[in-house]
Each structure stands twice: as structure tokens, then as C-alpha cells.
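Residues or ranges marked as Fe cation binding site by TrEMBL: H149, H154, E195. What TrEMBL records for 1-283 is domain 'Biopterin-dependent aromatic amino acid hydroxylase family profile'.
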Amino acid sequence: MHKQLHIPIPEGALSIEVAYKAKSSYPIVASPSCEGTIGAEIISPTYSQEQHETWKIMLKKQSQLVKDYLCKEYLEGMNLLNFPKEKIPSLSHSSESLKKSTGWQIIRAEGLVSPKYFFALLANKVFPCTDFIRHIEEIDYTPAPDTFHDQAGHLAMITNHRFAEFFNLFGIAGAQAKDDEEVMWFNRIYWFTVEFGLINPTAHAGRNRVDNQCRIYGAGIASSCGEIVYSLSDKVKKHPFSLDVISETDFDIHHMQDQLFEIESFDELESEFRNWAQKKGFI
């Protein structure tokens with residue numbers, strides 16, 4: 001267990017900076033809760049039937065794939081969250097489920113937040129979620145977060161204690177980044193683990209690696225039916241997990257990924273990240 005640090009959160013309901021927003025579905029419904037509202041205090045927007053239908057379609061498509069492609073920890077998390085199939089779940093209800101399982105909470109955000117606030121949130125076991133849903137045109141992939149990506153993508157893994165421990169440590173370490181280069185190291189690690197991570201117990205077996213043991217845990221893949229199938233195909237190069245390599249590997253948010261990294265286990269993810277962060281002086 002690592003020592004829990006207190007990293008101050010900026011005043012003014014976190015004053016979250018929105019770096020990029022996805023294309024919201026029509027009509028755009030203003031949320032009654034201001035950005036920075038946490039947990040049980042978040043009030044859901046009044047969604048249109050079209051917006052609920054978008055959630056329904058995506059969840060149905062995803063549910064037809066997850067058993068064959070997603071890791072067991074993700075499946076266990078989805079069972080625990082038990083999202084409604086016909087309507088968009090409220091952030092307050094999902095936050096309560098997280099709090100009961102791993103002590104994390106949700107904070108309402110309007111889009112992708114800047115790294116300095118994001119790291120501070122994770123360090124305090126708070127995860128930012130949007131409450132708008134993508135446009136139907138982006139149903140298979142969106143380059144920026146919407147509530148399907150945030151809830152059906154991320155939350156399942158945050159209910160897992162081992163992953164949640166890593167995620168909290170990631171925030172604590174990331175909050176110590178001193179310049180743009182160091183922030184980019186964390187951005188790349190986040191991308192190739194939390195967003196686009198794969199797990200395979202034979203990841204480091206070389207020629208003895210077993211391809212059909214590879215499963216998905218990354219939220220960017222889990223929330224995109226197109227990425228789910230594509231990521232485990234032979235069109236994507238799978239590399240053994242190495243943070244020294246990952247921290248120097250660039251990525252493109254606008255296209256499906258042509259290379260990904262496999263961890264052997266979530267123990268490896270946490271221990272290797274801890275070792276890397278200590279070596280770099282972040283913890």
C-alpha cells in the first residue's frame with residue numbers, strides 16, 4: 001500500500017478547464033448541476049428520447065461483444081454497476097456504486113479536463129464524468145469523452161480494487177509533473193493503459209505468447225464497438241508492457257490504434273508504474 005497524500009484541489013468547484021468536447025447529440029440539454037458538482041449532489045439533465053436511444057443502442061452493441069473480448073475484471077465491474085439498458089444512468093447513482101466498492105466518487109465535467117486538474121482529482125479518488133452523450137454519427141468512436149465512454153468505459157475498472165489502487169497512484173505521481181515533457185509522459189502512459197490497455201498472461205512469453213488469451217481493459221476500447229473488434233485483430237501490433245517505451249511512444253486520438261501494449265497482470269501494472277514513478281522521482 002502506498003502512503004495516501006493530500007493534494008489540494010483548486011477552489012471554485014475545481015474550476016475545471018475543458019480542453020476538448022465531443023459532439024453532443026441534438027438537442028443539447030443544459031445540465032442543472034454546475035461543473036465540479038460531486039457525487040450524490042449531481043442532478044441529471046432531462047434527456048431526450050433520442051439521447052436515451054443512443055445509450056440503448058451502444059450498450060446493446062457493446063454487451064454482444066464484451067464476454068469474448070473484455071477482461072474478467074471489467075465484466076465483474078459492469079455486473080456490479082448494473083447500468084439500465086433503456087436509459088442513460090445518472091452520475092449520482094453511478095458515483096454511489098463506486099463509493100461503495102472502492103471509495104471513489106464522480107465529479108461532473110463538461111469535457112476532457114486539463115492534466116493538472118485531472119491528476120489532482122485522481123489523487124483524491126475522484127473521477128470526472130460528462131453527462132452528455134455523443135451524436136449518433138459518432139456511435140462507434142468519438143475522440144473525446146461522453147457519458148457512455150466515461151460510464152460504460154471507465155467505471156467498471158474503477159470498481160476493481162487493484163486497478164483503482166494503480167489509478168490513485170497514477171494521479172499522485174502525475175500531480176508532481178513539473179513541465180510539459182513530464183506531463184506528456186503521463187499522457188502517453190494513460191493512453192496506452194487506462195484508455196487502450198490490453199492484458200495477456202503470456203504478454204512477456206515471446207514466441208510462446210498466446211494470442212487468444214489477450215483481453216481488453218482500456219476504456220477507450222471498451223466504449224467503442226469498432227475498437228473492441230479491431231484492437232484484438234492481427235491488424236494491431238501488440239507489444240509487451242514497458243513504461244520506458246510507452247512514455248516515449250506517441251499516439252493519435254483521431255484514428256483507431258495500430259499498436260498497443262499488453263500487461264501480464266494488474267499486479268504488474270501497479271508495481272511497474274510504482275517502480276517507474278520512483279525512478280523518475282514522482283513518488
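Backbone N, Cα and C atoms are what each Cβ position is placed from, and that goes for glycine too.
When the binding-site residues H149, E195 are compared by the number of other C-beta atoms lying within 10 angstroms of their own C-beta, E195 comes out lowest. The residues near the Fe cation site, meaning same-chain residues not in H149, H154, E195 whose C-beta sits within 8 angstroms of the mean position of the site's C-beta atoms, are P145, D150, G153, V194, G218, A219, G220, A222, S223, in sequence order. Packing around H154 (Fe cation binding site) is summarised by its Cβ count: 23 other Cβ atoms lie within 10 angstroms of its Cβ, all protein chains included.
According to its DSSP assignment, E195 (Fe cation binding site) is helical. Mean pLDDT of the predicted structure over the domain 'Biopterin-dependent aromatic amino acid hydroxylase family profile' (1-283): 90.
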